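A.B. asks: My questions will all concern the structure given below.
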Amino acid sequence: MPEQLNTRVEDCFQLAESFFKRPFKRPVVSLKLRGQKAGVAHLHENLLRFNPQLYRENTEDFLKQTVAHEVAHLIAHQLFGERIQPHGEEWQLIMRGVYELPPNRCHTYDVKRRSVTRYIYRCPCAESDFPFSAQRHKLVAQGRRYLCRRCRQTLVYSGETRVE
């Protein structure tokens, strides 16, 4: 899996070198990115991080568009310096001119959200539930109190959980 990714990164750099007729410093490539982002270019560290799940699920478009998108950020930074917009004219020039791709800012990959457990708290005055995150539930266990906005009574854990 990473071989194709590294090959595409190298291909993108070679296209840029051919287009601009100058060498560019190669980045470190990592598959340590989670969440909604498909890729991130760390300009000062010369590092590219890619999301392995989105890569697996969208390999063809990922290799074509996402890799070029992130490499274009590094190329733009090496060519034009710090004072450019992330998706500004310089980056767009590279996307269109070098890679002949549309300069899309965001991907359209289907991102699966992980399930989240909510801890149900209740107030003595109302029938309403207050779903707490794991972090907030832990804070309650450590002594933090949360009050009902209506009656100002302390919310109490019901013993119930819900997976969203």
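Cβ atoms are placed via backbone N, Cα and C, with glycine included.
The domain 'SprT-like' annotation in Swiss-Prot covers 14-156, and the record cites sequence analysis as its basis. What Swiss-Prot lists as Zn(2+) binding site is His69, His73, and the listing cites sequence analysis. What Swiss-Prot lists as active site is Glu70, and the listing cites sequence analysis.
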A.B. asks: Which state, by DSSP, holds His73 (Zn(2+) binding site): helix, strand or coil?
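C.D. replies: The three-state answer is helix.
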A.B. asks: Using all protein chains in view, find how many other C-beta atoms are within 10 Å of the C-beta of His69 (Zn(2+) binding site).
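C.D. replies: Counting Cβ neighbours of His69 (Zn(2+) binding site) within 10 Å gives 25.
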A.B. asks: Per-residue pLDDT averaged over the domain 'SprT-like' (14-156) comes to what?
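C.D. replies: So the average pLDDT across the domain 'SprT-like' (14-156) works out to 94.
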A.B. asks: Non-local Cβ contacts of His73 (Zn(2+) binding site) (under 8 Å, 6 or more apart, same chain)?
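C.D. replies: In sequence order, Ala41, Leu43, Pro86, Trp91 meet the Cβ cut-off.
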A.B. asks: Within 10 Å of the Cβ of the residue listed as 'active site', how many other Cβ atoms can you find? Include all protein chains, please.
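C.D. replies: A count of 23.
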